[in-house]
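I have placed the structure first, in the form of structure tokens, so that the comments after it can refer back to it.
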Amino acid sequence: MADLQRWIARQFGTDGTRLIDDIGFPKQGVHSVGVARQYAGTLGKVASCRVAVAWQFATQAEVVGLEAQLYLPAVWTEDSARMAKAGIPDSIPYRLKWQMALTMLRHAGANGFRGIVLADCRPEKSHSPPARYSPNGQKAKHNPPNISSAIFLRIQA
């Protein structure tokens, strides 16, 4: 992933807008990795689907993908037999989507990407996303405005 991000940085620069969102992919059945009844923003409802957390980088002229990871719901990570059958190592823990996003934000920051971060969020259960953190995991200097479904941050170099 680092090689791809460095290539994107060379092609498009690193000062732009980073976009984070989860993407739902409708999928029936129970054997495909990550499939579960879960909320999918792209569908606007709870449905049988897979969900990925994805980062994009936007300049005035282009939007390119920086990183995407498949979200594994707790029903997957808590079922070691199911994980083994799908070829997923037991060492893969359950992570909330905002935790995945924060890790990816750190990856992009380590590869030089700076600027505004726009995140469409739907807090999972009682967990709210850590909207006030910088790529190195420290408190950001600016608090986002209180907007129900979007988070705006400016990450300083």
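Any Cβ shown, glycine's included, is placed from N, Cα and C.
Listed features, source TrEMBL:
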type	residues	note
DOMAIN	18-120	domain 'Transposase IS701-like DDE'
REGION	123-145	region 'Disordered'
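When averaged over the domain 'Transposase IS701-like DDE' (18-120), pLDDT in the model lands at 91. Here the domain 'Transposase IS701-like DDE' (18-120) is broken down by DSSP into helix, strand and coil counts: 24 helix, 44 strand, 35 coil.
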